[in-house]
Amino acid sequence: MHFSNFTMITQRVSLSIAIIAMVNGTQQPGLLNASTERPLAFTLNHSNRSIKEFNTGASVYEWSPETQGIIFSSISYGIILTLIPSGYLAGIFGAKQMLGAGLLISSLLTLFTPLAADFGVILVIVIRTVQGMAQGMAWTGQFTIWAKWAPPLERSKLTSIAGSGAAFGSFIILCVGGLISQALGWPFIFYIFGSTGCVCCLLWFTVIYDDPLHHPCITAREKEHIVSSLAQQSSSPRRSVPIKAMVRCLPLWAIFTGFFSHFWLCTIIITYLPTYISSVLHVNIRDSGVLSSLPFIAASSCTILGGQLADFLLSRKLLRLITVRKLFSSLGLLLPSLCAVALPFVASSYITTIILLILIPGTSNLCDSGFIINTLDVAPRYASFLMGISRGFGLIAGIISSTATGFLISQVGPVY
């Protein structure tokens with residue numbers, strides 16, 4: 001599960017680091033797709049030399065900041081289209097097939113992205129949208145698996161380890177993406193991580209099972225531990241979903257609001273962090289990628305440590321379950337927001353800017369032990385369905401934030 005999350009986030013973020021080399025940096029901003037456009041990273045130091053240095057003969061396109069914002073957000077449109085239906089269907093037909101199929105489709109489309117870019121921006125948007133649909137299938141199917149595999153007192157730890165794959169994947173793609181672009185050309189960013197996804201698919205269909213009862217490799221003692229710890233969860237075969245009760249459930253609306261707030265900030269950080277570092281710290285694409293990767297080491301570490309701490313507090317009965325979820329949700333929303341608000345005021349300080357950029361994803365991932373897994377506590381029978389709705393709220397925030405950011409940069413320029 002950790003590897004699948006790693007793979008999907010690298011495929012999603014690949015464009016954020018590649019686009020610095022993909023887009024013509026010598027033009028001035030203008031109308032959408034006009035020949036006078038320049039890229040979102042339009043304040044790169046020595047941008048003309050840097051782009052020529054790193055594109056290594058690969059194609060360069062003239063996409064305006066507005067166009068780039070649409071491309072970035074298109075994958076979120078696709079994810080929204082499949083989140084709810086895939087979450088429901090995963091509970092019926094099994095998450096193994098749903099997640100595996102989504103991962104395979106996403107990997108193949110990643111391999112096809114460089115060719116699609118040569119055919120035009122419209123095809124890139126279509127590819128990213130379909131890729132989003134495939135990843136939507138994969139993201140929500142995970143919670144159907146955890147509902148059958150994760151004992152209540154180990155959920156925070158297990159889901160945080162799996163979820164840390166996304167942060168670690170962000171670190172890897174941002175760290176090596178610029179190096180790959182420099183050495184081989186930006187298309188190889190997509191070729192390498194698309195191929196990695198295909199390998200992950202082989203492992204997924206080989207070693208993953210929908211529930212412990214059908215897994216041939218785990219011990220009888222481990223199987224008994226998992227099954228007995230989940231014995232009190234609903235096992236009713238009834239497939240109807242209590243929509244009306246869910247609509248009236250205030251805890252669910254609190255979860256939805258948390259997802260909206262969390263994804264708003266995270267989408268901006270993941271999408272525009274390389275550009276922000278390039279613009280503020282005035283570094284080339286290689287160094288921008290390396291610096292952009294540092295915050296996600298903190299994010300991966302905080303995700304795992306947060307899960308360990310949450311389960312420690314629960315197992316020792318130091319805090320109630322509801323208190324633990326509220327505590328980690330509050331810290332995961334409040335701390336990164338304060339760091340983000342402080343960024344414009346410390347832009348002149350290199351060290352302080354890097355520290356705040358590291359703290360934002362790190363503290364934000366404390367939410368993984370808060371509202372992000374709270375559907376497993378509130379309604380484990382419908383965890384995938386509710387996760388689909390929750391991520392839908394989050395992705396709506398991601399679409400708005402990434403599109404609005406591109407528009408604001410295009411209209412008012414950098415304000416660092």
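Glycine is treated like the rest: Cβ placed from N, Cα and C.
Annotation source TrEMBL lists domain 'Major facilitator superfamily (MFS) profile' at 13-416. Per TrEMBL, transmembrane segment is recorded for 70-91, 103-127, 161-182, 188-209, 249-273, 293-315, 327-347, 353-373, 385-409.
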Inset, instruction - Select the range from 70-91, 188-209, 249-273, 385-409 that forms the most Cβ-Cβ pairs under 8 Å with the transmembrane segment (327-347). - result: 249-273
Inset, instruction - Give me the stretch from 161-182, 188-209, 249-273, 293-315, 353-373 with the greatest number of Cβ pairs under 8 Å to the transmembrane segment (103-127). - result: 188-209
Legend entry - Whole-number mean of pLDDT values that fall within the domain 'Major facilitator superfamily (MFS) profile' (13-416): 79
